[in-house]
Amino acid sequence: MPERLTEMLMDTWTPLIILWITVLPSIYMAPMNQSQVLPSGSSTGLKRLNEEQRVLHRSKRGWVWNQMFVLEEFSGPEPILVGRLHTDLDPGSSKIKYILSGDGAGTIFVINDKTGDIHAMKRLDREEKAEYTLTAQAVDRDTNQPLEPPSEFIIKVQDINDNAPEFVEGPYHATVPEMSVVGTFVTKVTATDADDPVYGNSAKLVYSILEGQPYFSIEPHTAIIKTALPNMDREAKEEYFVVIQAKDMGGHMGGLSGTTTVTITLSDVNDNPPKFAQSLYHFSVMEDVALGEPIGRVKANDLDIGENAKSSYDIIEGDGMDVFEITTDAQTQDGIIRVRKPLDFETKKSYTLKVEAANIHIDPRFLSGGPFKDTATVKIVVEDADEPPVFSSPTYLLEVHENAALNSVLGQVTAHDPDVSSSPIRFSIDRHTDLERQFNINAEDGKITLATPLDRETSTWHNITIVATETRNHSQVSRVPVAIKVLDVNDNAPEFASEHEAFLCENGKPGQVIQIVSAVDKDDPKNGHYFLYSLLPEMVNNPNFTIKKNEDNTLSILAKHSGFSRQKQEVYLLPIIISDSGTPPMSSTGTLTIRVCGCSSDGTVQSCNAEAYVLPIGLSMGALIAILACIILLLVIVVLFVTLRRHKNEPLIIKDDEDVRENIIRYDDEGGGEEDTEAFDIATLQNPDGINGFLPRKDIKPDLQFMPRQGLAPVPNGVDVDEFINVRLHEADNDPTAPPYDSIQIYGYEGKGSAAGSLSSLESSTSDSDQNFDYLSEWGPRFKRLGELYSVGESDKET
């Protein structure tokens with residue numbers, strides 16, 4: 001703040017504060033506060049000036065304030081005097097001590113304990129803290145005893161205009177439709193001022209536009225931005241940059257201000273019709289173009305954007321309205337012209353169309369400006385192309401009787417070259433459609449003839465494809481389907497529909513219907529089938545059976561008498577002649593088998609075999625077979641169970657019980673060490689029981705079959721152990737079917753504490769004591785070789 005302003009404030013406020021506190025304690029100071037009252041403890045409160053005498057004679061103490069004020073941002077060479085405390089109990093003898101506590105006491109606010117003057121020691125900011133609550137108390141200076149209860153008061157920081165307005169939410173962005181009328185709402189901005197909105201005009205804001213006129217205006221107090229010009233066109237200018245100012249102090253001179261920017265975009269409306277880039281379009285197309293193929297594009301430009309720029313195209317006039325069509329490309333908004341019907345250069349060489357483009361979405365406000373559509377003329381020229389032959393019909397249907405003669409003409413196909421050159425045509429049959437080569441065609445005139453006999457009962461329809469090829473250009477080929485229907489002739493005799501077998505009850509009655517039979521005929525007469533049935537001439541007077549023709553083209557077989565017996569005759573054969581009504585008529589003879597059966601009283605067939613009489617009463621042949629099958633199944637289960645139990649108890653290796661190899665024998669006594677020659681007989685290794693035999697494995701099937709090994713003949717009293725072991729080891733290594741008789745067990749640790757000591761000689765070489773193995777020669781011939789080996793070792797060691 002300028003020094004001059006500081007001096008003026010000091011000169012103005014300081015005398016008033018001192019006067020208010022010391023001289024006129026009951027007068028309101030208008031610039032400070034107009035609601036001061038005494039705190040509780042004084043029943044009379046602050047009085048008017050004419051009641052001062054009565055206030056001076058109160059018996060209780062009375063504070064003369066409850067609020068103080070200090071100006072924010074005030075700074076000077078000396079601390080600012082905020083106010084002075086005084087009590088009626090103070091006689092002026094300096095016996096009273098003033099104490100201050102509460103917000104900022106001792107740091108921001110300091111009190112003179114003798115006079116009660118309160119000074120502000122720091123520069124204050126109302127925006128940081130607007131008021132401070134403190135507590136004042138008067139105590140005896142000597143004893144520090146309170147003279148009266150403490151009282152609370154407030155020091156308020158008085159505002160000055162030291163904060164400029166701010167647009168917290170800026171910069172702003174807004175949109176408004178183009179062509180809007182004057183006064184159309186655009187947006188609203190808001191500025192804030194940190195100064196006190198209650199005291200003075202420091203926070204009273206006024207808005208104005210610095211940039212953006214004359215297009216937009218702003219309400220000074222509400223900050224609402226509106227359009228100021230009519231008919232602003234987006235196509236002319238789409239975006240506007242507006243600068244808004246907010247000024248405090250009600251906009252008067254000396255007020256602080258802040259600015260923000262508002263970017264206003266004009267949104268599009270459909271105020272522009274589509275316009276073709278040119279009024280006449282020329283396209284050319286080959287006559288053999290495929291249907292649906294695009295032949296050209298037209299474009300109607302629209303200055304609008306988005307949905308407002310979308311247009312639809314249509315052909316409204318021209319001589320090719322039914323030949324061409326136009327659609328809209330959704331991506332590019334182009335009009336695509338496509339072929340709707342086949343073109344023919346020889347028939348019509350050019351077309352003229354009138355195309356219209358119209359907006360899809362119309363804004364009624366702008367209809368007065370004219371129709372939102374445009375038209376253009378399109379000329380299409382058809383160019384000649386070498387076309388394939390054209391058949392006179394897209395399909396052909398031919399009929400032929402199945403007994404037609406070979407090489408007879410079934411029909412004819414025709415085709416021509418539509419080009420001006422009119423090339424000759426050659427015809428052929430696509431043999432993929434006539435694999436059996438039943439038809440031929442004349443290559444010159446297209447007449448189709450029969451190559452092999454036809455049979456309607458095998459195939460009624462034949463579908464072939466005829467190929468027409470230009471002789472001058474073999475790449476020009478056309479195809480046409482030809483359906484050939486084979487007509488029926490009566491060349492098949494009727495016959496029974498199925499092999500019938502009739503059943504006649506022994507207790508049947510005369511005239512009873514035994515069976516109803518039907519016939520079928522492979523032929524297909526126009527008026528349907530009608531069959532005639534008769535017995536053979538020699539069977540006309542059949543004494544047992546007769547026939548009767550039914551209206552549904554079936555035949556009933558009837559019995560002439562009763563008393564048929566299976567014992568007398570079990571089966572009867574009845575030949576029947578079946579004739580059709582064709583020209584010439586065809587007939588065949590079918591034989592009906594009639595079996596005599598035993599029936600119940602209601603006519604249900606029970607048995608048709610004569611052997612049924614020998615079966616026990618109440619037990620049929622089927623029941624006997626079922627019982628026999630159950631017995632056989634039980635026997636098979638028992639045999640399987642016994643076999644599995646025997647197989648489970650058999651050992652994997654066939655061996656004698658006395659063969660001790662790989663047998664673990666556990667006993668509690670300890671061996672006698674290396675000197676124990678009676679513990680094991682070396683002769684058992686020779687396997688005397690298996691010398692001339694072979695012990696097979698039963699748990700595996702060997703891949704190779706080996707002949708039994710020839711065992712070594714035991715040599716009594718003269719066994720070479722080294723050679724014996726080597727031979728056995730070689731045999732075991734080369735025989736995969738041999739059991740693993742030999743095994744090596746390695747023990748890295750021997751137990752301690754045994755009274756017998758170690759039984760191993762592996763550590764003998766580490767002993768310092770000399771060992772004499774001469775006693776081995778005394779054990780007999782079996783240990784002679786072992787003694788020689790150890791003797792040689794000892795002699796080498798001595799050497």
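Just so you know, glycine gets a Cβ as well, placed from its N, Cα and C.
Summarising the annotation, TrEMBL assigns domain 'Cadherin' to 87-167 (among others). The average pLDDT computed over the domain 'Cadherin' (87-167) stands at 84.
Taken from TrEMBL, the feature domain 'Cadherin' covers 168-276 (among others).
What TrEMBL lists as domain 'Cadherin' is 277-391 (among others). Helix first, then strand, then coil: DSSP counts for the domain 'Cadherin' (277-391) stand at 10 helix, 57 strand, 48 coil.
Under the heading domain 'Cadherin', TrEMBL lists 392-496 (among others).
According to TrEMBL, the feature domain 'Cadherin' maps to 496-613 (among others). According to DSSP, the domain 'Cadherin' (496-613) comprises 7 helix, 52 strand, 59 coil.
The transmembrane segment annotation in TrEMBL covers 613-642.
Marked as region 'Disordered' by TrEMBL: 753-774.
Residues or ranges marked as compositional bias 'Low complexity' in TrEMBL: 753-770.
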TODO: Could you give me the DSSP helix, strand and coil counts for the domain 'Cadherin' (168-276)?
DONE: 3 helix, 46 strand, 60 coil
